[in-house]
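Chemist: Encoded as structure tokens, here's the structure I'll be asking about.
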Amino acid sequence: MNPTQYYFSCYRSFDMALAGILTEAEIAAGLQSCQDADSFDYKTFFVKVGLNSKSKDQLAQVFGILDQDRSGFIEENELKLFLQNFSASARALTDAETKAFLAAGDSDGDGKIGVDGKTACMKP
């Protein structure tokens, strides 16, 4: 089985809430770009999955999916499992990746990302 077939086979558990926003091929490309520990780069991932070209409403929908506890913010523990929102079999982010990702979206230094910070870091 080649890498693309492997990633497509993992998408049977792909979050159907993302189905109207991202394609399985986009998600596969994003996950392939960061399968090794410490290889996650949020800018590269967002380009690979096509989030950088989505509308503000679509980005708000993605934010709602990532905000697992529905607090209105994405906290560090939710970011650690970020990739698993795209595939249940995806790896967790390392502590270094999580902290870098949080720093990129945390515009006010409160240790969490609001919808405006998240959608801003999804754009190029």
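Positions of Cβ are set from backbone N, Cα and C atoms, glycine also.
A TrEMBL annotation is a machine prediction, not a hand-curated record.
When I checked TrEMBL for this same protein, it listed these features:
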BINDING   D67, D69, S71, F73, E78, D106, D108, D110, K112  Ca(2+) binding site
DOMAIN    54-89  domain 'EF-hand'
Chemist: At a 10 Å cut-off from the C-beta of D67 (Ca(2+) binding site), count the other C-beta atoms across all protein chains.
Modeler: 19
Chemist: Within 10 Å of the Cβ of K112 (Ca(2+) binding site), how many other Cβ atoms are there?
Modeler: 20
Chemist: Around the C-beta of S71 (Ca(2+) binding site), how many further C-beta atoms are within 10 angstroms, looking at every protein chain?
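Modeler: Counting Cβ neighbours of S71 (Ca(2+) binding site) within 10 Å gives 10.
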Chemist: By a simple count, how many Cβ atoms lie within 10 Å of the Cβ of E78 (Ca(2+) binding site), its own Cβ left out?
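Modeler: E78 (Ca(2+) binding site) is surrounded by 19 other Cβ atoms within 10 Å.
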Chemist: Take the domain 'EF-hand' (54-89) and average the pLDDT across it for me.
Modeler: 92
